[in-house]
Each structure stands twice: as C-alpha cells, then as structure tokens.
Amino acid sequence: MASWSYITQMYTLYVLIPFCCIGFFGSLMNAIILSTARIYRTQPCTFFLLIAAIVQSVQYLTAGISRISAIGFHTDLTLLSPVWCKIRTYLIDTCFGVAMTCEWLATIDRFLMTSRSANLRQLSKIKWAYCISAGVVIFWILTCIPDLIFTYISSNVCDNYNDIWGIYYTYINNWFFYTILPVFTIIVFGTLAYRNMRTLTNTRQLQGADRQLTHMILGQIILIIISALPGAIFDAYSSASVTVYKTTEQADVEYFIFNVLNSLTALTYGSGFYVFLIVSKTFRQQVKHFFCSFGNNPNAVMPASNGEQIESFLSLFPLNEFICLRSLSFISNVFDYTGQKQEQVSPMLTLLPDLYRFYAPKWKIEAKAISKSAIQVLTLWKYCPTSFHPILAVTSSFTSLRILFCSACELQSILNYTPMLKYIKIDRFTEYDKPYDIHYGMQYNMKYNMQCSADGSYTYDFSKICAVRLKQLDLDHSVTSFEFIEQLLKCFPNLKIFSIVAISARNMIDADRWQRLITFSLPLLRVFNFNFGCYDSESYDNMLIKLSPFQTDFWYQHNWYINYVVDNEFTSVYTIPYSFTHYTLTPTMKKYNSPSTNGVNEFDNIKYLSLFTGAIIDDSSWYFRNIQSLSLASTENHRNEDDEYEFKIEHLKKMVNLSNITRLEITERCGIKPELLLEILKQMPNISSLILKKKIASSFYTNHELCELLNKKIKMFDYTNPAS
C-alpha cells in the first residue's frame, strides 16, 4: 500500500503543478487585460483587481515553484540561501496581504458605485483608488518586515523562530487580515452591491459596462469565499490540535489534506480571469482583441477625405493582407453622395472572412456590397436597398445597424430584407421623404402601394412585417406621428428596449395611448426611454394636470419614472435619467419633481451645461453631477457692466459638481467680476480650458492672484472681444 507521503508527492506532481499553471496564467492574463484596456484602468474597482492580479502573479512564482520543488522533487530551495529563505516568506505574506485587501476594496467600490445615494457614488473615484492602493502596498510592506528579521534557517528548516511575531502573525495577519476581515467585508458589501444592482437594473440606471463589472466582482467574491473558508477551517483545526499527540500516519494524512487545500486555493486564487470570461462580454472581447492583435494589426482606421486618398492607401495596403481584420473604419468629413467610395471598397469586403464591424458614417451603401461579407455590426449614413422589386432584392444577415438618416420607406425595406437584425439605431428618422429622395420615394411608393395623405405623408403597410429577432430600437430626432410609431412597433413583438426622441411631437405626449400600446403589443418591453417636446400655451399648473397620467401605477410598476420641464410655452417630457449629454438651464424653466424617483439624480448623463446666471439660486431643484464643460450665460437685462449681476458661489456648488469640470466658458452677456471668477476657478481642480467671450475690464489684469491661478491651471485660453 502506498504511503501518504508518496501520495502527497504524486498529488503535487500531477495536480498541484497543473493547478498552479492554470492559476498563474489566469493572474498574468488578468494583469495584462486590466492594464491594457482603458475601460478597466479608469475604474476604481478594476484598478484594485489589477493590483491584486500583479501581486498574485508574483506570489505564484515565489510560493508555487518552491513548494513544487520541495514536495515533488525533494529539493527545498529555501535551504540553498538564507537570503532567499527570508525574501520568500516576506514576498508571500506581503503579496497575499495586498491581494486580499485590494479584492475586498473592489467589493466596497462596487457597493459605492451602485448606490442610489449621490454622496456615496462620489466616493468612487480613480484618484482615490490610486492613493488607497499606494497606502495598502506601503502598509503590507511595513507590516511584514519582521519576516525579514525573524525568519531564518535552523535545524535544516526555514521558518519563523520568534514567538511574539508568531503569535501576531497567527492571530492578527492570518486570522484577522487574511480571513475574517476579507470574508466579512465581501459578504456584507457584496450582498449590498447585489441588492443595489438589482434595484438599478430595474430602474435602468446601471449601464451595461457597470453591470458587467458588478458581475465580475460578485464572481470574484465567490472565489474568495471558496479559497478562504476551507483554509480557515483547517487552520482552526491545526491550532486546536497542536498539543495533541499524532502518529506519523496522522501527520502525513493532515499534510496531504493541507496540500489539497493549498492546491484548491492555488486554483481559485487565479481563477478570477476565467470567471470574468464567463460573466463579462466586454472582458471576452478584450481578451479576444489581445490575442488577435498579438503580432498583428487587427484594426485599420483609414482616412477617407477623398477618393484618391482611399485609392492611394489601398494600392499600398491591400485589405486582403489584413488576415485578422475584425473592424474597419472610414473617417471622413464629407458625405459620399455619389457612392464612389463604396464602389472602391465593397469588392474587397468579401475578402475579409473575419470582418465583424464596418464603420463608415458618411457613406451610403447598397445591400449587394455587403450581402456576401461576414459583417455583423454596420454603421452608415444611409443603407439603400439593392432593388425595389422583391425578387431582385438582396437579403443581408448583419445583426446590428446604425444609420445617420432614414425615412420610413427605407426602414420598411430594411426590415423586409434584413431578417437577422437585433439592434437598430437611427440618428435622424422621418416618415416623410426628403426633397433629394422624391424620385426614390415615388418609385418605392408605386411598388408597395403606399397612399399619400393630405399632409404629404405616406400610409405604410407594416402589417406583413414581423421582426421577431429585433430586441432594441433607438430613434433619435424622430419626425413622426404617434400613429406611425404605433404601427411600426407592432412589428416587433419581442422588443425589449425602445428609445425615442421627438422634440415637436404634441400627439406623442399621451400617456394613455402609450399604456395601451405597450400593454397589448409590447409585452416584453422592459426599458422605455423617451424625450418628447412640444409648444403649448397652457399654464404650468394646467400642464401638470395634463401630464399627470404619466404618474400612475402602470409607469411605476415598470420602474419608468417621468419628469417634465416647462419653459414659457415649451414643455419637455422625459424619462429618468435624462438621455442627452447637453443641457441649457434658464431662469424661466420650471421642473416637476416626481416623488417616485427617491432622489435619483436625473441628469447624470449630462456633460455639457449652459447655465444662465439667473437660474443659480439657493433652493434650486437641479443638480448636475458629471459636468465636464460649463458655459455661464445671462440675459439682456444683466448686461450692464456697471451693475453686474453676481451670483453666489455657494449656490452654484449646490447645483453643479465643480470637481469634474475641465472647460469653463463666460459668454458676452454674463457679467462676472474677477473676484467671483477667481473663487469659481479655485473650486475646479481639473480646469484646463477657459473661454472668455466678453470684454475684459482692467481689474482682470490687476488681480495678481487671478493671473497667478490662470498661469498655473489654464492650458488653453480663448479670448474673444465682442467689441472688436
């Protein structure tokens, strides 16, 4: 019968070595992917995971090689050098402490980032992650210094021989920092983060990338629990039975169990990479991009300002030489109305068997140009059908389509001959034909028996279209009626996400009609984002009564929360969060605050704010958290330079988070004194651009503190004198 020591040796050779290799590869790949992908480097939680992956790789090399050599090959490397004996123990303890700390810090960050409280979300900043990570590394470097002092070789064994440090290490480092604190922290904050994620997913405030990051952290939590708890139980048993007499066989059995637990820890310790691959589509794409681009250039961005430039480029670099090409982009400042450019490129698309994404936002292209290609994601100015006759039309198989302009007749053709579509985004959509499409629309109308109504629109027949695969539809700047949208949406029985923006859309603002349409025709719709605007002479109170059907249980049960703003005779009705990135706030705007939003910041998507100084008041209901560019404006009444309208910096700080602003613009009519400008700039730590579109008074030049601050912070200064 084989002895337990022999079984342990065989287990080390045939199980521990593969486990260590798998774990080391996972940690190394985590370090590479998290450090090379900007989407991860700029997120605090994944930055913590990056630090953990780096030190885990070091620990694998330090601990794994020595253990495999000692048990599997009976060669203890720590006995070869007293210096290596000390350094090995020091590196293992330091790296393990840094890794465990960074992993539970990542869990806390996910809790903060998914919180509904704006104050808690503001605590999740990459700059703080840098500082905290540096503090964690310094803490463990200093904490484990006794390893370098009290660890040495004695009686042919490399170990710690100081009782005080041994007690501290066992109960403080091992039990508290390595076991109790990480497990307790990740269970508590992981549970809270998961609860927040479920809430935000239901209210559609958690973006796809943030949701995937949260899933990555939750997967990492499971791994930590799996790796920490069995080891903790065995450590507790070992500590309790340290004074108990054990036979040689019992000791060998326990040593075997110890190595089994170590191998499982080694496997789970670096398995975060494999969990991330499973739960995150973005992470899989980054890994695929890394391997495809290793030694090759998988992406080619081709300038295309004119046809000669494309021809010159292709004569030097034929597309078929880019064998791993996955994404092809043509950047141009001019629209290709003639189709000349696509005629040069389209024959080459079929030569790229792995081409997945084609991006040419200033081109129009016919279906026959891409029907035989492998393209799945397509972005164009216009996508034209090959023929108006059904027999001659070409069926395409791409699944994602974004077009900058599309009319209703073009969309009907797209739906007829692109059956695999799952996602459509149209930047400008109309049910009317544009002037340059008159002949096109007339020909299409004759083929499909569309009838023209009195207002010049067409009555389309979408009844024979059933796009069962379409899951998401985005219509920006839509010029359509509710009747047309109703007819269109009935073609998508499995639609889950629908977004629409229609500024001049009086008949769109009808909560009862939307409720009936969604109830009977869109049973799977879970995300509904809209922004409707219209001109109406009704008073603010009357508008609130008219819009009150948007505040019924139907909308609350779907977690669709609607707010509205009335500015003189213009009314804007929108879902939360507000979808645009630009916003103008004037003194005459009145905002309804839905009681169902529970304090959720509805303007998190806004990056560029034009703020009239008259709207800066103490009790404002507006708050902008993520503003990067701020433009201060004013009305004619506040243009007098001798009696400038001054607002208080305290009121501005209550309305706008100034810490993220990099660009500040002062318009011509905005009266602002140097002292106030100085106070504003002091509250903007990241400001780098200043634009002044007003006459600068002499007091600006004599304010030495302001001039010094401008010299220190401002990298781009644009001054326009309106009087010149």
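Glycine too: its Cβ is placed from the backbone N, Cα and C atoms.
Whatever TrEMBL says is automated annotation, not expert-curated.
Under the heading transmembrane segment, TrEMBL lists 12-35, 47-70, 90-108, 128-155, 175-194, 215-236, 256-279. Summarising the annotation, TrEMBL assigns domain 'G-protein coupled receptors family 1 profile' to 26-276.
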Near the transmembrane segment (175-194), which residues from the same chain, at least 6 beyond its ends, have a CB less than 8 A from one of its CBs?
-> 96-97, 100-101, 103-104, 107-108, 110-111, 114, 214, 217-218, 221, 224-225, 228-229, 231-232, 235
Between the transmembrane segment (128-155) and the stretches 47-70, 90-108, 256-279, work out which stretch tops the count of Cβ pairs under 8 Å.
-> 90-108
Selected stretch (most C-beta pairs under 8 A with the transmembrane segment (256-279)) from 12-35, 47-70, 90-108 = 12-35
Mean per-residue pLDDT in the domain 'G-protein coupled receptors family 1 profile' (26-276) works out to 81
Residues outside the transmembrane segment (12-35) whose C-beta sits under 8 Å from one of its C-beta atoms, at least 6 past its ends, are 41, 46-47, 49-50, 53-54, 56-57, 60-61, 64, 67-68, 71-72, 259, 262-264, 266-274, 276, 283, 286-287, 290
